[in-house]
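See structure below.
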Amino acid sequence: MASSDGIVEPFLGALQACVSVLLTLFWGLAARKMKLLKEQSINDLSGLGVKVFLPALLVVNLGSQLHLDTGLDYIPVLVWSIVYTVLSILMSQVITKILKLPPWVTPACAFNNTTSLPLFLIQSLESAGSLKLIIPDGSSMSDAVERSQSYFLVCAVISKVIAYAVGPKMLQDGDNADDHDEENQQSGGDNQDAEPSEEQLDEETPLLPESVHKAGHKVASPFKHGASYVFSLFPKRVKQELVSIDSPFVDTAILCALTGLVLGLVPPLHKAFFDPYDKGGIFNAWLTASVKNVGKLFTTSQVFVVGAKLGVSFERMRRSEGSGKVPKRAILTIFLIRLVVWPAISISIIYGLALKTSLVRNDPVLWFTMMLMPTGPPALIISGLAELAKVSEVEKFAVAKALALMYALSPFVCFTITGALKATQAVVKQKQ
């Protein structure tokens, strides 16, 4: 493990990684600005990433990193992902009510980007050489990156399940009969609105066969029941829009995660799919390699797509006579929760658990990754909510502005990364 007692080197490495992410966002925005991408193409690329690239990444990354002796490393990740997401929802709900903020602030504070941004950030940290500060002697940088990404993928599945998995029936059970009647009175054409258009069908049509998709619903059911209480805390309008986002991503992600789990933890399967050919890996060189190549397309393409989507939002705002104003309190609240409060809480908790207990196993990469999980800008879920919600165009533009501003502020994550690196180093030194 490389030693660095100062703060300048890790900070500069983290800053370079954050700037790399921001520049990739900018290239996507520039491509849209120069009319190189149509809006439909951007949506298609986004859907391709969620329905093809991410499932491939889940299967290969989790399967290759999971072993019988490392399986317990993922239990703290699983628990921490659930705990911090639930706490984020409760914190956001309370603060939104106290400060009387717009409804979209709640999911913006509650759900951070847990997929493309952190995965790409880890790759950038590898290029900057920052991860060498926490990699044990004898371990390779590439293995540490893949291990960190596998932890992030588990976190992403949990976060997405909580954010999207609660189906219409589950949420309707959480509403009382009066709310249901009022909703029907407000929109006489509810039944018509509930039916997806052909464009939505194209975006939401599951990649897997129908029989596998049904099996996924059964597997996802316990998670949906567990998440139903959490979403009962949401404002009525937010819950109504979450009803419309019962995405097949949930079932596909869970199935792919379970597939990776089985391939990793069953020794004969792990050997066949992930060991070198001369050691019995009969599927590794052709099947696993092809799926891995597809999965590698996810991180860069999705960060690029986020930038392109922000470009589309800017165009809509320019075409509008009155673009929505974003309350300064809303931006400040999101910034503080996502980039200040949660980093401080997360680093402190994981530092204490790693140093004082045996609940988190002795893996510096695991500690560092868990410290970063609750941090970063909001997920793009609030943009989807704004599109589906019955809100004015002014409010939709306000959401787009908030997203653009928060992603512009994303380089502030470099302070979190620096703190997490130094905290992880401190734990390693005290345990030696």
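All positions are counted from 1 along the displayed chain.
Keep in mind that glycine also has a Cβ here, set from the backbone N, Cα and C atoms.
Please treat TrEMBL annotations as automatic predictions, because they have not gone through curation.
Checking TrEMBL for transmembrane segment across the ranges 145-166, 365-386 points to 365-386. Per TrEMBL, the listed range annotated as transmembrane segment is 42-62 (candidates: 42-62, 252-272). Per-stretch counts of Cβ pairs under 8 Å to the transmembrane segment (398-421) identify 12-30 as the leading one among 12-30, 42-62, 74-95, 330-353. Most Cβ pairs under 8 A with the transmembrane segment (74-95) among the ranges 12-30, 42-62, 330-353 are made by 330-353. Beyond its flanks by at least six residues, the transmembrane segment (42-62) meets 32, 115-116, 146, 149-150, 153-154, 157, 202-203, 206-207, 248-249, 252-253, 256-257, 259-261, 263-264, 288, 291-292, 294-299, 301-302, 305, 308-309, 312 of its own chain at Cβ-Cβ distances under 8 Å.
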